[in-house]
Amino acid sequence: MAEVRARVDFKVGAKSNIDAEILSFHGLQSDKEHVAVIFKSADTTQEAPLVRMHSECLTGDVFHSSRCDCGEQLEETITRMGQSGGIILYLRQEGRGIGLYNKIDAYRLQSQGMNTYEANNHLGFGDDLRDFTEAAQMLQALGVKKIRLVTNNPKKIRELQEHGIEIVEVVHTSAHIKDGNENYLKAKVSHGKHQLKL
C-alpha cells in the first residue's frame, strides 16, 4: 500500500509565487520517483479536487520544445490550480513510457515525416506504454477517491476508473498550437482520440 513518504512546502509557477507542497511516496508498484504537488488553495478534503496526471516531458516541460504541448499544458494547470486549488501527479513516464533516449530517436523519425505514434511503433513500442496504476495509488495514499480530472486523454480516464477512482468531471486543457507541433496535436486527436479542439 502506498503512503506519503515526505511533504515539503515550496513555491511554484513562472514567478515562483504560488504556494504548494511537494510530496514523495513509498510503497508504489515500481521504483519510479513520482511526486504529487498539492496547491495550498486546494482543500483535499473537498469531495472532488481538481487533479492532473502529468507525465514527465523534459523537452517540453523544461526546454519548451516546439514539438509538443506538454509544457504549456503543465503551465496552464499550475496557473489554474494556483487560483482554485488542485493536485498535480507528476509521473516519471517520459515519452509516453518509452524513455528519454527513445523519445529522441522518435523525434528523429518524426523529422523524416512519421507522426508521434508511427515513430514509436517503428522503434518497436506501442502507442502509449504509460501505466496509471501508481497515480491511483498516490491518490489513495492522499485519501482522495473522487476527482475532477484535467485531461484530454481518454486512456487516463479509463485507467483511473479501472483502479477505483471516481471521476465526477473531466476538465479539458486548451489547444496549445505553435509552429512545430501541429502534426503532433493532429495525431493525438486522430490516433490517440484525445478530446482536443484544433
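Each Cβ is built from the backbone N, Cα and C atoms, and glycine gets one as well.
Matching THR116, THR133 to the GTP binding residues that Swiss-Prot gives (ARG52, MET53, HIS54, SER55, GLU56, GLN73, GLU94, GLY95, ARG96, THR151, LYS156) identifies THR116. Here THR151 (GTP binding site) comes close to ARG52, MET53, ILE157, VAL170, VAL171, HIS172, THR173: these same-chain residues lie at least six apart in sequence, with C-beta atoms under 8 angstroms from its C-beta. The Cα of GLU94 (GTP binding site) lies closest to that of CYS57, out of the recorded positions CYS57, CYS68, CYS70, ARG130. For the recorded site, GLU94 (GTP binding site), the DSSP three-state label reads helix. Following the DSSP three-state reduction, the secondary structure of GLU56 (GTP binding site) is coil. Within 10 Å of GLU56 (GTP binding site), as judged by C-alpha distances, the recorded positions found are CYS70; the full candidate list was CYS68, CYS70, ASP128, ARG130.
Taking the C-alpha atom of CYS70 (Zn(2+) binding site) as reference, the shortest distance to any of the recorded positions HIS54, ARG96, ASP128, ARG130 belongs to HIS54.
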